[in-house]
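Taken straight from TrEMBL:
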- 29-39: compositional bias 'Basic residues' (COMPBIAS)
- 57-161: domain 'MTTase N-terminal' (DOMAIN)
- 189-420: domain 'Radical SAM core' (DOMAIN)
- 420-482: domain 'TRAM' (DOMAIN)
- 1-48: region 'Disordered' (REGION)
Amino acid sequence: MPSACDSAIEDIEDMVSFNDPTPQDRQSARKRIIPRSRKKNVEHEELQADSLIPGTQKIWMKTWGCSHNNSDGEYMAGQLAASGYKITEADLWLLNSCTVKNPAEDHFRNSIKKAQEQQKKVVVAGCVPQAQPRMDYLKGLSIIGVQQIDRVVEVVDEAVKGHSVRLLGQKKDGGRRLGGARLDLPKIRKNPLIEIISINTGCLNACTYCKTKHARGDLASYPIEELVERTRQSFQEGVCEIWLTSEDTGAYGRDIGTDLPTLLWRLVEEIPEGAMLRLGMTNPPYILEHLEEMAKILSHPRVYAFLHVPVQSASDSVLMDMKREYCVGDFKRVVDFLKERVPGVTIATDIICGFPGETEEDFQETLDLVKLYQFPSLFINQFYPRPGTPAAKMEQIPAHIKKQRTKELSQLFHSYHPYDHKVGERQQVLVTEESFDGQYYVAHNKFYEQVLVPKRAEFKGKMVEVDIYEAGKHFMKGGPVEDSQPFTPSIAVPLQKGEVSGLTQVNTHAHTHTFLASAKEQTFPILCGQQIVKAYSFYRCSSLQFAEVSQA
């Protein structure tokens, strides 16, 4: 479908480029793992906290930011756990950063300072050090680049010894930029019922306010077969919900000769009955080309009728200054088409208040857009100039005006209640987590609307039929229908919280507990080629506590 306005710009180049080994080269050793029990009696091998033997320390990990960052954090935790490290508060802090907003980077910088004050060793990861590795507060720290998370164990091992290591290169194969680390790495899911899959890294845009582009670079998509295999493995480990994530899911495949609908139709074939797939954020220009197919996919019973499409502003003038490559007419076309073809579809969006040059008239256009669509999910962001971006060099709007506009938009958002008319409905909901206050289980209906249900053990990870009896601004409450039985979508028993995913050599889920019982008092050196690179301790892997993950 043609765009309502054409304002194409050229892609910017990758910010960093090194000739690193490909993910296939890096991971080929995983197929040559040879477990060997030590002769030493480890029953009395109680290592001290300040030991310099890599793999024996405790690691505290914190992640800020988007679901892509959370996925990276899960992979890093899994690899460290598989190498024998315990993921809990202690000797070394691994801080996985987000560069979208100033406050997120402030929290990251303050955490580094706190760790140093407590004499902790620090390893940093994520978009902040990737985009700005020469910042003063990062001097002397080890850095894991966003495409180097498969080497987290190496970096942590060296940091434990007191060495500073920085891996910031891009993954390439024959000159073509790859999506990043392999998808079949060990990981620890924050929620064992939800698998977060990054389908690509980077994007094709050059938004003037965005710092993430400096870190993630241009678009690099994972092959469809790798994504299908990761999805298949996730369901074999008891997952019942898949989240697809990236900086722009709509742009998927443009660099490898395919597209998002082609991928989605393949993934749908792998989803068991009762399990669900959730799409991540997509920018308007790329979804415009696939509206017909996307409407069909969002109508599929195993795909949430939910799409996150950031508009950022309803002023074409502001969008042009942002270099968003679409106009508000494009955004409206996407929303109107999907609302017509997918009745009840949830459209979530983002808005930036106080972008440089935004006039009162521009802001009023944004207010009018929100009044028109009454988005049930709206992410409101006060503009923060990010160092090194073109928007930071523009004439800034006074802080009090930005704050006032943010407040006014927030008041408008809270003035309407999108779920009131759903009281009395009967819905099928998938239960995946616990509420923040611990009083309910959290479920989602077909439209990815949040429904709170009674906290009964038999509901967790199940599809449950409920009657909606109450509605709030952000949620509904549902009571289970009498005589209805929860439906189990999982094709396998879910992993335990903290259990490592992907250790297929010895830790297949059907035999996990039997193997752990026999291996409890042993540790195993792992031979990688001719070099011993790490040590597994399966007793440790079975009793991990996943560290806190916070949103920016």
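Cβ coordinates are placed from backbone N, Cα and C, and glycine is handled just like the others.
Confidence annotation: the domain 'TRAM' (420-482) carries a mean pLDDT of 97 in the model. With DSSP states grouped into helix (H, G, I), strand (E, B) and coil, the domain 'MTTase N-terminal' (57-161) comes out at 52 helix, 23 strand, 30 coil. In terms of DSSP helix, strand and coil, the domain 'TRAM' (420-482) has 6 helix, 33 strand, 24 coil.
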